[in-house]
Amino acid sequence: MAAAAAIAAALLRRSTSSQHHRRILLLPLLSHLQRAAPRSPSPWDPPPHHRFFFSSDVTAEGDSKPRPPLDGKQLWREVSTSEPATGASRLPKATWDAVVALLRRFGKDPAMSDQALALYIPASAFPTYARRFRHFLPARLSLESAEHLLSLPADDAHALLLPAFAEFCVTHLADELRKHESVMAAADLTAPHAWYPFARAMRRRVVYHCGPTNSGKTHNALTRFAAAKSGVYCSPLRLLAMEVFDKVNALGVYCSLRTGQEIKEVPFSNHVACTIEMLSTEEPYEVAVVDEIQMMADPVRGYAWTRAVLGLKADEIHLCGDPSVLKIVRKICADTGDDLEVHQYERFKPLVVEAKTLLGDLKNVRSGDCIVAFSRREIFEVKLAIEKFTKHKCCVIYGALPPETRRQQAKLFNEQDNEYDVLVASDAVGMGLNLNIRRVVFYSLAKYNGDRMVPVAASQVKQIAGRAGRRGSIYPDGLTTTFLLDDLDYLIQCLQQPFEEAKKVGLFPCFEQVESFAIQFPDLTFNELLDKFRENCRVDSTYFMCHQESIKKVANMLERIQGLSLKDRYNFCFAPVNIRDPKAMYHLLRFATNYSQSRRVSIAMGMPKGSAKNDTELLDLETKHQVLSMYLWLSHHFEEDHFPHVQKAEEMSINIADLLAKSLAKASWKPTSRQQAKPRRENEEDNDVEQASDDNAKNDSEDGYERSISRIKPFMRKRLDRPSQDPSSLNFVA
């Protein structure tokens, strides 16, 4: 905090100087300069090879006297009062080069760039200002001070330079700082708890239900929700909101449903089940339940959970999830003045790791198994192989399926009076569905992240594995294992790890904040405006700005359309569209174009004649449902007159979901992709594996489907840095 205080003092002196008559540039710096500058031990004891920096401190016998460390104020005083060296430098060439190298590293240090925001220096401008500082400092620096700087660890040296850098900017760049001031003030995302004055006027009771899957935490919160006079349930998924809506109404409690695509207002209801983005922070409630609270740290959607925690007008707020964001919730409650209670939960029955894997052969699948694969292609390959080489029938669940189809597949799997006794699913199975799973089998523990194959995060492995076993089902005991023996060690390693503590949670500006910022840049496109906002926004150490890649891609596509207001563009960019699906993007562009021309937006999409006969037709059904879902979402976010075919879209959506369910029941074809094939593996071996999977007809044998190469094993060479739990805390079965 010494650096923060020094910068504050620098700004205050300059702003009150009678010579400059500058208006105050001072910010609440302590909120922005969170990281205290590391301090050297006192008294200062230089390293042995720099023992004799200061000739005045060296005695005739060669003993050095302790000298207090140079601080930022002394450094600035020295360089600001000395003239730049002319002719021969006052520093030896080696020392000069080392100081310049240090200043280059200072200009590339993200921590210094973050702290420079307190001076109204945006991240994009920091390298330029740091370069000017680099040209200014070395010629004025004494040998003693230079050697002192070079003797320090990098972080300490940067912290010592920061106050001098601040003084330099305020002295020499004040006019430029003033230009940045109004821009950065409009992009100020600090102290977000102050955005909700009505919530701050309340002293809320926050109850954190902390525990793993299958521990009863959400059940207890929902019991309190149903018993309250009024309440809201905030879900991460439309599917989960629909499930709570059905259950609560079945209990005789009137409850409405609000999702982006569907709004059902039940007469006389004081309860509502909604998706987290559809939460109203204007309505008062007695009880609110926010599910999967750990999603606050999600890099894309985390802002919605943060908004709920900060803005809910509820006397009682129940947060359900794992402990990863508990520390941050404590800090937020301290900022908001709310009371926090923590209720700890354990699984009803421990999750057991089955040491005997499937040994790379899907013939070892058993009833009640859920095979988890991390790509649509693998899901259908596994389903095809299981149904070809065993007596089992498979249900399928993955993210691109409509919620209605996923519910139908889950119901089919849960029922005991049919032949569908195996589930093949993606990570979408990790939340939102109650499933009678006996054993979770990881087909792979590596996934494609859009660039390369990476290990599945330990937290995600825990979430998915925890779906095995459910209280009250025919499989109360949960088992988990892997398809390949080589993957088992990584599974065990993930389950042993404690939950990783989140460092920050997400924020994203509301439309009013973007609108206020846009006044500063009337000539920028919306895409450029988003870039400029991110570049200039300031957040404190508890928060981060959520990623906006999908929003920016949509914004870029819509730039060619004339006649859209800023708010129109903002809303269209949040529409639920799969940016990797060209057909879905085309329809969004068409919707926006028609809207901009004040024309009624048509669906312009025919109803399929029947269920899919191949994977191309199945993909087309998925896309059609996504387009209809997007149409319904837009109808709730724009005036109804512009989207008049809501009833038709709802009917088509239901019919297509039914066709998808019928298509999945008879799916027995080789999977394809929405786009042309892209390289998805890191080495030739993996490519060979994928080719082998594609050519099932060539590789099928009486021995069944096999994949003998582990995709996680190469990553196992790198040990995870986080400490593991005692292995005795895990349960194993042969």
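Just so it is clear, glycine is given a Cβ too, placed from its N, Cα and C backbone atoms.
Note that the structure is a prediction, hence the values are computed from the model and not measured.
Swiss-Prot lists G211, P212, T213, N214, S215, G216, K217, T218 with the feature ATP binding site. Under the DSSP three-state reduction, K217 (ATP binding site) is assigned to helix. Its own atom aside, the Cβ of K217 (ATP binding site) has 23 Cβ atoms within 10 angstroms in the protein chains shown.
As annotated by Swiss-Prot, compositional bias 'Basic and acidic residues' applies to 62-76 (among others).
Swiss-Prot lists 684-693 with the feature compositional bias 'Acidic residues'.
According to Swiss-Prot, the compositional bias 'Basic and acidic residues' annotation covers 695-709 (among others).
The compositional bias 'Polar residues' feature in Swiss-Prot is assigned to 725-734.
Taken from Swiss-Prot, the feature domain 'Helicase ATP-binding' applies to 198-356.
Feature annotation from Swiss-Prot assigns domain 'Helicase C-terminal' to 357-525.
Positions annotated as N-linked glycosylation site by Swiss-Prot: N594 (among others). Under 8 Å, Cβ to Cβ, and six or more positions away along its own chain, N594 (N-linked glycosylation site) finds R600, V601, S602.
Mapped onto three states, the DSSP output places N614 (N-linked glycosylation site) in coil. Within 10 Å of the C-beta atom of N614 (N-linked glycosylation site) sit 15 other C-beta atoms, taking all shown protein chains into account. According to Swiss-Prot, the feature N-linked glycosylation site maps to N614 (among others).
Under the heading N-linked glycosylation site, Swiss-Prot lists N699 (among others).
What Swiss-Prot lists as region 'Disordered' is 58-88 (among others).
Feature annotation from Swiss-Prot assigns region 'Disordered' to 667-734 (among others).
Residues or ranges marked as transit peptide in Swiss-Prot: 1-60.
Taking only the Cα positions, the spacing between G211 (ATP binding site) and N614 (N-linked glycosylation site) is 43 angstrom. A gap of 39 Å separates the Cα atoms of P212 (ATP binding site) and N614 (N-linked glycosylation site). In the three-state DSSP scheme, N594 (N-linked glycosylation site) falls into the helix class.
Apart from the site residues G211, P212, T213, N214, S215, G216, K217, T218, the chain places the Cβ of H209, Y345, R347, G466 no farther than 8 Å from the centroid of the site's Cβ atoms, the recorded ATP location. Long-range Cβ proximity for G216 (ATP binding site), meaning a same-chain Cβ under 8 A and a gap of 6 or more residues, is found for Y345, F348, R471. With a cut-off of 8 Å between CB atoms and residues at least 6 apart in sequence, the same chain places R347, K462, Q463, G466, R467 near T213 (ATP binding site), listed in sequence order.
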